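**Student:** The following feature annotations were taken from TrEMBL:
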- A:27-48: transmembrane segment (TRANSMEM)
- A:82-100: transmembrane segment (TRANSMEM)
- A:135-156: transmembrane segment (TRANSMEM)
- A:233-252: transmembrane segment (TRANSMEM)
- A:410-426: transmembrane segment (TRANSMEM)
- A:438-459: transmembrane segment (TRANSMEM)
- A:465-482: transmembrane segment (TRANSMEM)
- A:489-510: transmembrane segment (TRANSMEM)
- A:585-607: transmembrane segment (TRANSMEM)
- A:628-648: transmembrane segment (TRANSMEM)
- A:668-695: transmembrane segment (TRANSMEM)
- A:716-736: transmembrane segment (TRANSMEM)
Amino acid sequence: MSSIATSPPAARAPSRLPLQLVGGWEAGLLLFMVLLYGAGVYINPAFFGSTDAFSAVLRDTARFGVMAVAMTFVIVNKELDLSVGSVLGLVATVFSILYAPSHVDAGVGWAVFGAVVTGVLAGLVNGLLVTRLKVPAFIATLTMLFIGRGLVLGLTGGKTIAYERKAADDPWFFSLGETNALGFNSQILIFLAVAALGAVVLAKTRTGYQTYAVGGNEQAATYAGIPARWVRLRAYLFTALAATLAGLMNVAQDKGITSQYGQGAELIVIAAVIVGGASIAGGRGRVLGACMGAALVVLIDKVLREGVPITRTIDVGGIKMEVQAMAQLPGGAVQAFLGIILLAAVLIEPWAIKGGGAARVWARLRGHEAPPAPDRGEAAIVGAQTKGARSDARAMGARGLRAFLARRDAAAIILVVALWLVGMALRPDFWGSLDNSFNLLLAFTEIALVSVGLTFVIANGDIDLSVGSVLAFAGATAAFLMKELGVDPWLAAAIAFAAGTACGLVNGVLTIRYGLPAFVATLGMFYIARGLGAWLVAGRQLSGFPESFNLLGRNLFELLAYFGLEPSGGLGLAVAKAVSTQTLLLGVVALVAAVALGRTVIGQMVYAVGGNERAARYAGIRTDAVRLWSLVFSAMCASAAGIIYVAYLRSFNPSAGTLRELDGIASVIIGGGSIFGGFGTIVGSLAGAAAITLIRSLLSLQIIMPDGSSFVLPQHWMNVFIGLILIGAVVGDIWIRQENILGRLFSSRSASGRHA
Amino acid sequence: MTPIVEMRGIQKHFGAVHALRNVNFRLMPGEILGLVGDNSAGKSTLMKTMTGAYQRDGGEVLVDGRPTHFRSPQESRDAGIEMIYQDFALCGNMDVGQNIFLGRWPRRYGLFVDRARMYDEAQAVLKRLKVDVNSVYQKVESLSGGRQQSVAIARAISFNPRVVIFDEPTANLSVMATERLLETMAELKKQGVAQIIISHRLTDIFEVGDRVMVLKRGENVGDRYVRNTNEHEVLELIVSGTPETALTADEALARAA
């Protein structure tokens, strides 16, 4: 008591608030925006100089801003929602299909109702997956991203839907997307209303306080009686509803949709919230900052997309002509820059806000002594991670079938056999043929290579979301070098491999050196590498490479023939014709990886880091190096797959490797890996990759009906199935392998039987 | 007799917080020392300073009378000092044998793990410790808390340490497991291993300990032989000890006499 009595009364506010609280971050953002807008005016006065441009920036900010407001809640909760762009697209699609005279032709009220129901369902699925089924947020929402995108493609068939004429009959709804009587777009008004509401709710209400508490320390919040799961679920409902609102704003503005709606929006929205000062580590973030972040990122997006007017001289039939043109960055570049901005914001935020970096720079500028950098502090005791070995405990002492079923890769092996049999049943005339088997093996190579690398990363307890993009980047590099620069094929392959590997190195350094969660670092690379790849080939398909390069994708016979070593007949010929170079390469890589992971100290270190990183560090294992090299190895495998892709198809398409991260992660998880780390074998991952290959192949199988007609699943739906499989695998791993739901079901039944 | 570990005038600051003020510490070979005190008394900090997990700001650490300066727990491990953490620091996804040899798995042909040797030696260590863990092939996370701790102890013992530090060893154990742990400690003492127990539970220290040392707000406030004191006196030192009550165990003994 005495110590309290002697201390001065603490009634008045502290004399100096931290910079963050007086809005220093927001002021900086505002200054930066003004500078950026100035740059825009300088680059293209015709566009940015007009008031139209200003209101266009605000109008586009409105949609992203609405989502950013809701995303702030999710990020403060220490989570992420990658699905907002897809939900926006899906909602817009559902609205359009219901409303368009060419489709259902319902009233606007019904269309809005359908859209809202879709949005709420999407939010519920995200929220339930994360909170009830314990799926990590980035996996659940990434899958929703692809499923949503797949649904949009499937529902629209990739076509545009427009209803300009009918929209004129419902002015009250469609005026929401247009300029109002006051001279600015109504969307801005909606945005301001949502922002004000969000700001008040997050900063002043119980709901907001609960959000900060859960983000700061979920366990403590739970102990304090806060319904943490509901708080997290609620945030996903907010983002889904915000995406719904944004989708409706979009259709109100455009009176129609394309299947591209909302693509990449999640990147802008998440970048906006982080740029706005929220912490990816949870517990911090403000709605005002997120709104300004949205304006800034949209502005950056616009400045990057806006062309610089130039005068180009062209030669038409010997006559030189001057043509007015716009020099523009290709689309991929914008994506790459946005990815870099996301990573930069994630990196700067802890330095500037938590570490007081800005204050220190300011003090040094004034010649004062800089305040000391606060201690990062050691992490609190990380509880012993005990997940997933129950199946192994069951395997102890089990024999025969039981022992097999208790193996973590049993599911993958059973699945492969079952799927192959399904194929046989559907198309007995074709499925078992040598041709089909050969094609399956080739399709297997790419997925399998990616999964071999991912096995190390996932066993480490990290994740690599960038494998598909790195695959595309390496392929693009090889294609670009050979086609545009005429580089020697082998050198081109080597440089492409090095370029892809460099991506892995960046992932590793961001994760290890700067302490970013692997999913954030590789999410940034997911956009950057794909953007760079598209940029290199300028978004076009390249083909016509030297045949010596394409040999990488041919069979052994052609390779040997190229060197004049072809076998003349007998078994040698049959083998050389059946085995392709890429299968051989995969075999070597997989064998080396399997031995390294299963039999050597390297593998033991990987499992130790994945099981309990702190324990591994105490045991003298260089955990940072293990995680770094795993990420690099994953990128190496992806790069090799990218080079093979180009050689095999004899062409490069910028969409190469799309969804490969889903395929790869699903393969590893089906094959016995755990999304929480510590498990996974190469054999299992290969079996998982085989299962995924078979599923993909079955989905594109032409099924012959009894009446002689045939049916092929439209390829647009593929995303949906692959997404469902990944989520099924993760949920299955968590609930069947780790929690042993089935085992408990049986044991409780037998126990109650005994009681009876 | 030279103390196996001696610390003199240890100082440690964390920013503005003066965590250890001129702390002295002595541990004799084969002795079981209880280190007690309130939360934030500096018990763990003192131990981390000793093992090199923290760097001291002042004072000396002597092992076998020779001044040392451990820069990491690895170095103190090489000098024969092992620490068993409260959460055991084991990898649940790996089996008992792999955990006992975590980070130093026996090898052959360079990188390959010599599994046969690893499991044989793990078995031998467990036998020496007289603890019962069903199988060296069992995953650690399928073991109970007490058995996980046995694995952690076995791991520490396999380094042939001369000093073992237990951080809150009985905090997460059942009564039965605590009994077994105390038996294990007595067994280790018989084998000549000096032990330090950081604990809140005086009962345990009074059951196996030889001496008890009390810290309060980063200062020595008491040092007594267990046979010459009682729980009441130690509690009093924890709550209201001062540097004047510190003494050494021998001084306290002389004064009591």
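Glycine is no exception: its Cβ is also placed from the backbone N, Cα and C atoms.
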**Student:** Where else in the chain does the transmembrane segment (A:585-607) make close Cβ contacts, counting only residues six or more beyond its ends and a cut-off under 8 Å?
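**Tutor:** Residues 444-445, 448-449, 452-453, 455-456, 459-460, 552, 616, 621, 626, 630, 633, 637, 640, 644, 678-679, 681-683, 686 contact the transmembrane segment (A:585-607) from elsewhere in the chain.
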**Student:** Quick one: find which recorded stretch in A:82-100, A:233-252, A:628-648, A:716-736 has the most Cβ pairs under 8 Å with the transmembrane segment (A:438-459).
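**Tutor:** Going through each listed stretch, the top one turns out to be A:628-648.
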**Student:** State the non-local partners of the transmembrane segment (A:82-100) in its own chain: residues 6+ outside its ends, Cβ under 8 Å from one of its Cβ atoms.
**Tutor:** 63, 67, 71, 106, 108, 110-112, 114-115, 118-119, 122-123, 126, 138, 141-142, 144-149, 151-152, 155-156, 161-163, 166, 239-240, 242-244, 246-248, 250-251, 256-257, 259-267, 269-270, 523
**Student:** Per the 3+ Cβ pairs under 8 Å rule, pairs at least 6 apart in sequence, do the transmembrane segment (A:628-648) and the transmembrane segment (A:410-426) touch?
**Tutor:** no
**Student:** How about the transmembrane segment (A:668-695) with the transmembrane segment (A:410-426) - do they touch, taking at least 3 C-beta pairs under 8 Å (6 or more apart in sequence) as contact?
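**Tutor:** As far as Cβ distances go (cut-off 8 Å, pairs 6 or more apart), the transmembrane segment (A:668-695) and the transmembrane segment (A:410-426) touch.
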**Student:** Count, for each of A:27-48, A:135-156, A:465-482, A:489-510, the Cβ pairs lying under 8 Å from the transmembrane segment (A:716-736), and report the range with the highest count.
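**Tutor:** It is A:135-156, which has the most Cβ pairs under 8 Å.
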**Student:** So if I exclude everything within five residues of the ends of the transmembrane segment (A:135-156), which remaining residues of that chain have a CB under 8 angstroms from its CBs? That is, six or more out.
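**Tutor:** Distant Cβ neighbours of the transmembrane segment (A:135-156) are 79-83, 85-87, 89-90, 93-94, 96-97, 122, 125-126, 129, 257-259, 261, 263, 266, 463, 465, 519, 523, 659, 661-662, 665, 675-676, 714, 716-724, 726-727, 730-731, 734.
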**Student:** For the transmembrane segment (A:489-510), give me same-chain residues lying six or more residues beyond its boundaries with a C-beta closer than 8 angstroms to one of its C-beta atoms, as numbers and ranges.
**Tutor:** 343, 347, 464, 466, 469-471, 473-475, 477-478, 481-482, 516, 518, 521-522, 524-525, 528-529, 545-546, 548-549, 552, 627-629, 631-636, 638-640, 642-643
